[in-house]
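Some notes on the structure that comes next.
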Amino acid sequence: MTNFKWIVAAAGLLSGQVLAAPTATSTHAKRATVSDAAFGYASLNGGTTGGAGGTTTTVSSYAAFTSAVSGDDAKVVYVDGTIKQTADQVKIGSNTSIIGKDANAILEGFGVLVKEKENVIIRNLGVSKVLADNGDAIGVQYSNNVWIDHCDVSSDRDHDKDYYDGLIDITHGSDYVTVSNTFIHDHWKASLVGHSDSNEDEDSGHLTVTYANNYWYNINSRAPSFRFGTGHVYNSYYLDVSDGINTRDGAQLLVESNQFVDSKKALYSTDDGYAVSNDNDFGDSENTAEEGTLTSMPYDYTLLGSANVKAAVVGTAGQTLTF
């Protein structure tokens, strides 16, 4: 049984705090280490440790990055500065931690792909403006134990909805994935779990994904969209997200402690998707999803309470760490 722990932030933190919509960077970056523990689904199945204890490399070019993240030996790869390259996704090996050294660590024009791998951590990394022909900003396929944390993923909405692909797409039966503390913004189709209505044989019983403490801003749809899988979405702030959480094709979601501002469809079903909703502030929108059966998770977690989410998440989610 899940150990539900409600916390109340200090009054001084919450009182009178008004933050601009696109703000995601804290004025005081939090110090982090490569040994920080994953949580949510990524903490199960033996946990997700990435490349902790392995070799350490710092890269600042596309060629160096591509070389450093390949192979399955344990390794920590620090990204220093912005790397610009219009190219297909770079494939990441198992037992890898990709760490942005600070808020300037950005991959622009190309993304990363975790395919048929396990035990991968991506933290404090920016990924932006990856053209649809070059794949998703972050893709996870046929993989287990992946932790995406404190990232900043975006494109723009100046182009049509097919100019870019997904920001974070988790597909092909992947399991034990957590997306946390991430700023997901300025995009048409943000995050997909399960890529096709016809992929039930591969996806059913898999696609176990946690989304926690994320800031979603200026998104048209898929925040996230779940097919077939089992998902937990909690402690997240949604601003100007048209179509929010979509549960479909038999997916079971537990949606808790989120706040929506200026959303048209905050939580809804398509083709027999299901959700259980606890303590969500849907603003002017509502929950129209079919009632689900998922009422607990196989891990401990802390709920902020929907009234406290904005103050806790905005300014903390995104590339707000230093290493």
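For all residues, glycine too, the Cβ spot is worked out from N, Cα and C.
These figures come from a predicted structure and were not determined experimentally.
Under the heading signal peptide, Swiss-Prot lists 1-20. According to Swiss-Prot, the N-linked glycosylation site annotation covers ASN95, on the basis of sequence analysis. Annotation source Swiss-Prot lists Ca(2+) binding site at ASP136, ASP165, ASP169. Annotation comment: Swiss-Prot describes ARG222 as active site, evidence class sequence analysis.
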Give the number of CB atoms, excluding that of ASP165 (Ca(2+) binding site) itself, located within 10 Å of its CB.
22
Name, in the order they occur in the sequence, the residues of the same chain whose CB lies under 8 A from the CB of ASP136 (Ca(2+) binding site) and which sit 6 or more residues away.
GLN89, GLY111, LEU113, VAL130, ASP165, GLY166, LEU167, ILE168, ASP169
Name, in the order they occur in the sequence, the residues of the same chain whose CB lies under 8 A from the CB of ARG222 (active site) and which sit 6 or more residues away.
GLY166, LYS189, ALA190, SER191, LEU192, ASP243, ASN246
Long-range same-chain neighbours of ASN95 (N-linked glycosylation site), Cβ under 8 Å, sequence gap at least 6?
THR49, GLY50, GLY51, GLY54, ASP72, ASP73, ALA74, LYS75, GLU118, ASN119, VAL120
Other than ASP136, ASP165, ASP169, the chain contributes near Ca(2+) (Cβ within 8 Å of their centroid) the residues GLY111, VAL130, GLY135, ALA137, ILE138, GLY139, GLY166, LEU167, ILE168, LEU192
In all the protein chains shown, the tally of other Cβ atoms within 10 Å of the Cβ of ASP169 (Ca(2+) binding site) is 27
